[in-house]
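Taken verbatim from Swiss-Prot:
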SIGNAL    1-20  signal peptide
DOMAIN    21-105  domain 'Saposin B-type'
DISULFID  Cys25-Cys101  disulfide bond
DISULFID  Cys28-Cys95  disulfide bond
DISULFID  Cys56-Cys68  disulfide bond
CARBOHYD  Asn108  N-linked glycosylation site
CARBOHYD  Asn134  N-linked glycosylation site
CARBOHYD  Asn218  N-linked glycosylation site
Amino acid sequence: MNKILSLFLITILLISKVMSSSEECKLCTDFMYDSLNELIEIAINGGVIGSCGALCNKLGIAPLCMVCAIACDAVGINGFMDLLQDVFPDPIYICESVKMCQYNDKANATITEVVINPMSGNVGDTFKIGVSFNVTNTIATGEILWNVVDPRGFQFGETEVIIDAAPSIYGAAFSFQATPSEQEEFPPGEYQLQMQICEGTCGSPHPHSYILSNQYLNFTII
C-alpha cells in the first residue's frame, strides 16, 4: 500500500481514538523519519511561522499535515520549533517529546547472536545479516542498528525502529549487495559488521537514548 495512503488511514484511526499506543508511535516515527529534513528546512527558511497549522500546511500533503499538526499541537509551535532546530534533531526523541512514543529508562536487552553469510564473498555478492537478541526489560521505543566499516574506515548501514518490545527473544534480518558505487567502492579486505540494540536512537545525545547491547563480527570481501 502507498505510504501516504497508509499514513492517511492510520491518522483517521488516531483521530477516532481507536489506535493503540504502539500504532501511534509507529505513525510518528514513520512520519519523522520521512519528513524531518523537510520540516527542518521549513523551520529554517520558512520565515515567521506563528502556528502549528502554518508550519504543517507547508508540507502540502494532507496526511503528512495531519500527523505534523497532532505532534506540533502537543507541545505548541515554539516547543516544536525548538525540537526541529536542535543541534542533533532526533526522530525518536521528538516523538517521545510530543507524547506519541513512550520511553523506558530501565530497558534491558542482550544480543545473543550475529551472523553474516557469506563470511567471505566477492564484490557483487549479496550479504545476508541476522541478529537475535533477548529483551529482559521492555524496550519502549528504540532501534536495531547495523553498520559496516570497510578496510579504509568508511561506513554504511541502516536502522530499524523497535516499538514496545516486551521481554522475549527477537530476531531480525537485513542484507546488502556489495556493488561498487560512488558512496561505497567495496575494496577488497577485511570488513567489520557492527550491531547495536538501543533504547531511543543509537548514538543520540538526548535523554532516554542509550546502547543496550552491541556485538562485532569480521568478514571478508575478496
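Any Cβ shown, glycine's included, is placed from N, Cα and C.
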Candidates Cys56, Cys68, Asn134, Asn218, namely the recorded positions, that fall within 10 Å of Cys28 (disulfide bond) by Cα distance: Cys68
Around the Cβ of Asn108 (N-linked glycosylation site), the count of other Cβ atoms that are within 10 Å: 16
In sequence order, the recorded positions (Cys25, Cys101, Asn108) whose C-alpha falls within 10 A of Cys95 (disulfide bond): Cys25, Cys101
For the domain 'Saposin B-type' (21-105), the number of residues DSSP places in helix, strand and coil: 63 helix, 0 strand, 22 coil
Between Cys25 (disulfide bond) and Cys68 (disulfide bond), the C-alpha gap once rounded to whole angstrom: 13
Distance, Asn218 (N-linked glycosylation site) to Asn134 (N-linked glycosylation site) (CA atoms, angstrom): 22
Pairwise Cα distance for Cys101 (disulfide bond)/Cys68 (disulfide bond) [Å, integer]: 14
Cα-nearest neighbour of Asn108 (N-linked glycosylation site) within the listed recorded positions, Cys56, Cys68, Asn218: Asn218
Between Asn218 (N-linked glycosylation site) and Cys56 (disulfide bond), the C-alpha gap once rounded to whole angstrom: 45
